[in-house]
Structure formats: C-alpha cells, structure tokens
Amino acid sequence: MILIRNVRLVDARGERGPADVLIGEGRILSLEGGEAKQVVDGTGCFLAPGFLDLHAHLREPGEEVKEDLFSGLLAAVRGGYTDLVSMPNTKPPVDTPEAVRALKEKAKALGLARLHPAAALTEKQEGKTLTPAGLLREAGAVLLTDDGRTNEDAGVLAAGLLMAAPLGLPVAVHAEDAGLRRNGVMNDGPLADLLGLPGNPPEAEAARIARDLEVLRYALRRSPATPRLHVQHLSTKRGLELVREAKRAGLPVTAEATPHHLTLTEEALRTFDPLFKVAPPLRGEEDREALLEGLLDGTLDAIATDHAPHTLAEKEKDLLRAPFGIPSLEVAFPLLYTELHLKRGFPLQRLVELFTDGPRRVLGLPPLHLEEGAEASLVLLSPKERPVDPSAFASKARYSPWAGWVLGGWPVLTLVAGRIVHEALK
C-alpha cells in the first residue's frame with residue numbers, strides 16, 4: 001500500500017483537493033486516506049494521471065547507439081509518462097507482427113513505461129505495399145504510420161485508411177509534401193534567405209494536410225467503418241486551420257503538436273545551432289501562437305514529444321549535415337507547465353488533458369481519471385523549479401535546446417499500475 005498525503009488532484013475533469021490518495025492492488029483505493037506501508041508527503045505538489053506520448057523514436061532495433069528501449073523508457077517515466085507509442089522507422093522498420101511482439105515483450109520485461117508500438121503502414125516504409133494490419137493489431141500495434149517518411153502515393157494512403165478502419169486503427173501521417181520540402185533545413189522565409197539556408201516552406205505542410213483530408217473524405221465515403229487520420233507534429237497556422245475546418249465538417253481527424261513547436265521559433269536558428277534542426281522545422285511566431293490557440297479550442301488533441309535522439313557527434317555536425325530531431329521526453333511537461341501555465345495562464349486542467357485523455361482518445365482508449373477504482377498509473381509533480389541539465393538525462397541524447405532553462409512541474413514520482421517506476425522525492 002502507498003499513501004500520497006495532502007496532494008492536489010488534477011485531471012481532465014478539473015482540479016480539486018487536497019486529498020489523501022491510497023493506492024493498492026494496482027488501483028486507487030481511496031481519496032480519503034488509509035493505512036499504508038509507504039507514505040509520501042504530497043504537500044505543495046499535484047497528482048495527475050500518467051502521461052501518454054503518442055510519438056517517440058526509441059531507435060531499437062538497429063540504432064541503439066542513439067537510444068534503446070531501456071534508456072528511452074527510463075527517460076519516459078522520468079518525464080511522467082506511463083505509456084508511450086514508439087515509431088516504426090527503425091532499422092529494419094517495424095513492419096511485421098514478429099517485430100511488434102518482440103518490442104512489446106522486451107519492454108514489458110523492463111518494467112518501466114508501457115510500450116505501445118506503432119507499426120509501419122507499408123512494407124519497409126517504402127510507400128508501396130501495405131503491411132498486414134490485422135496481424136499487426138493482434139500483435140499489439142496501436143496505430144499505423146510511415147513517420148520519418150512522407151506518404152507520397154495518395155492511393156496507398158487511401159487503401160491504408162480503408163484497411164485500418166474496421167480494425168479501429170488510426171493512420172498517422174508525417175504531413176509534408178516532399179516536392180515542396182526538398183532539402184530545406186529551416187522554415188522558408190526572409191530569415192532563411194538572410195542566413196543563406198535552404199528553406200522548408202509552410203505550404204509543404206498545408207498542401208499535404210489538404211490532400212490527406214481529401215483522401216480521408218474518400219475513405220470515409222467508401223468504408224462502412226470509420227477511418228481515422230492523425231496528423232503528426234503540426235507546425236503551421238494554415239495546417240491548423242485546415243484541421244480545424246475538417247473537424248467542424250465532421251471528419252474523423254485528430255492532430256498533435258510538439259513541445260518544440262510550442263516553445264521555440266525559427267529565430268533559434270540565427271546561431272546556426274543544429275540542436276534546433278527538426279522536421280518539420282521551427283516556424284514563425286505567428287505559427288506558434290496559432291498552435292497555442294489550437295490547444296485551447298480543441299483543434300489539437302494531444303501534445304506529443306516526437307522525441308528524436310541522435311548521438312551528440314551527429315548533432316554537432318554543421319546545420320546542413322546534422323540529422324533532424326530533438327529529444328524531449330524528460331522535459332516536455334515541465335517545459336509546458338512553465339512556459340504555458342505559469343507564464344501565460346494556460347489552464348492546468350487542459351494542459352494535463354493534452355498529456356492524458358487527449359492522446360488516449362486518439363488511440364480509442366478510455367479516459368483515466370483520479371477516482372476510486374481507477375488504475376493507479378499516476379505522476380506526482382512538484383512546482384519546485386530547477387534548471388534543465390542534459391548531463392543528468394536518462395536518455396542517451398544528453399543535450400537539449402532548453403539546457404539551462406529554469407522549469408517547474410518536474411515529475412518526482414511515477415507509478416505504473418501501482419508500481420513505483422520513478423522516484424525523485426528528495
């Protein structure tokens with residue numbers, strides 16, 4: 001038995017408390033206390049349901065020098081995540097039931113965050129032949145995506161949506177038009193021109209979202225089941241407007257935004273620092289503000305990290321040669337708690353929802369609330385501030401564009417079904 005005493009409760013339904021949360025047999029037994037072997041003083045802290053990340057690259061199999069299941073899932077629980085969806089763009093890609101099962105079994109044995117593998121939409125993520133979605137779902141895949149690559153063939157995407165619909169699997173898309181994106185390394189515009197860097201235009205995202213929404217309309221018309229499209233790492237004002245319009249029209253589309261697109265802009269590239277190189281690129285302030293509005297009005301369903309670790313040697317190459325990607329599993333919530341909630345008054349209830357029930361809805365999972373009988377997958381968060389120290393990361397990617405930023409809202413206790421998997425109470 002574990003008792004978390006005198007703690008404020010925050011979930012998608014609101015804030016309340018203080019409460020004395022008694023945990024046993026993997027569940028919340030009471031919000032009014034009781035006898036327990038381990039007592040945690042939650043004074044000044046708040047308790048939330050465990051977070052779910054819809055989008056993380058754990059690099060296993062094939063690139064374990066960058067990250068592996070142990071380091072990635074340990075980073076996850078340190079960040080308050082009890083559940084995580086791993087992307088399939090590994091070496092080789094996760095495109096078979098055997099590969100999905102192998103990941104799930106290894107992750108389960110580690111006893112950290114629960115892994116929910118995404119499987120490739122097409123074999124080898126080549127965009128040609130669809131993978132066996134039914135068998136992948138039976139093996140434990142929770143969505144289909146060729147993330148890391150763009151879906152250039154609209155017919156293949158349509159067939160994938162039609163295949164996934166009766167299985168209840170969402171199809172997630174990296175929405176960029178490859179012909180427009182080309183070799184861009186930052187947002188296309190006056191700053192890219194000034195710096196002499198190739199630009200990736202916002203129209204590349206908007207054009208692909210517009211096309212994919214039309215493909216979704218077709219699949220919806222042709223399928224007796226409901227196809228579900230999920231737009232990954234949305235980064236532009238126009239892309240957001242397209243998703244908003246589609247939702248108002250009743251299309252079954254969901255979307256996510258990342259911590260980096262919510263807190264950073266293209267201005268970070270003025271120093272040519274490759275730590276800020278990411279795909280899609282950091283955009284302008286107008287785009288960032290639009291994303292924040294999208295979080296509030298429900299256009300965006302979830303905050304997803306797009307945790308993308310590389311070796312420091314790779315990220316220290318010049319901006320043209322360094323790989324795309326930012327690691328953020330361990331800082332995502334403190335970053336947004338500080339930058340959005342504390343500094344801008346963003347509602348804490350809504351912020352927690354974007355880390356919990358929002359991503360759960362994308363996957364078709366039931367909500368997880370703080371109530372008697374609920375699964376005790378929980379995170380205790382402290383408002384105490386401290387600077388981001390990448391040298392202390394569990395992730396193998398021990399660097400960060402937010403290094404030195406002073407943040408509050410750090411996870412100090414993470415439980416998965418009643419088991420403590422991370423503790424930093426002192």
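Each Cβ is built from the backbone N, Cα and C atoms, and glycine gets one as well.
Sequence annotations record features per position, and here Swiss-Prot assigns Zn(2+) 1 binding site to His55, His57, Asp147, Asp306 based on experimental evidence. When secondary structure is read from DSSP and collapsed to three states, His57 (Zn(2+) 1 binding site) falls in the coil class.
Taking a C-beta cut-off of under 8 Å and a sequence gap of six or more, Phe324 (substrate binding site) has these contacts in its own chain: Lys277, Val278, Ala279, Ala308. DSSP classifies Phe324 (substrate binding site) as coil under the three-state reduction. Here Swiss-Prot flags His57, Leu58, Arg59, Asn89, His310, Phe324, Gly325 as substrate binding site, drawing on sequence analysis.
What Swiss-Prot records for Asp147, His174, His233 is Zn(2+) 2 binding site, and it gives experimental evidence as the kind of evidence. The DSSP secondary structure for His174 (Zn(2+) 2 binding site) is coil.
Under 8 Å, Cβ to Cβ, and six or more positions away along its own chain, Asp306 (Zn(2+) 1 binding site) finds His55, Ala56, His57, Gln232, His233, Thr258, His260, Val278, Gly325, Ile326, Ser328. Taken from Swiss-Prot, the feature active site applies to Asp306, supported by sequence analysis.
The CA atom of Leu58 (substrate binding site) is located 17 Å away from the CA atom of His174 (Zn(2+) 2 binding site).
Around the Cβ of His174 (Zn(2+) 2 binding site), the number of neighbouring Cβ atoms within 10 Å comes to 23. Within 8 Å of the Cβ centroid of the Zn(2+) 2 site, not counting the listed residues Asp147, His174, His233, the chain contributes His55, Met87, Thr145, Gly148, Ala172, Val173, Ala175, Gln232, Ala279, Asp306. For Arg59 (substrate binding site), applying a Cβ distance below 8 Å and a minimum sequence separation of six or more within one chain yields Lys66, Glu67, Asp68, Gly72, Thr90, Pro309.
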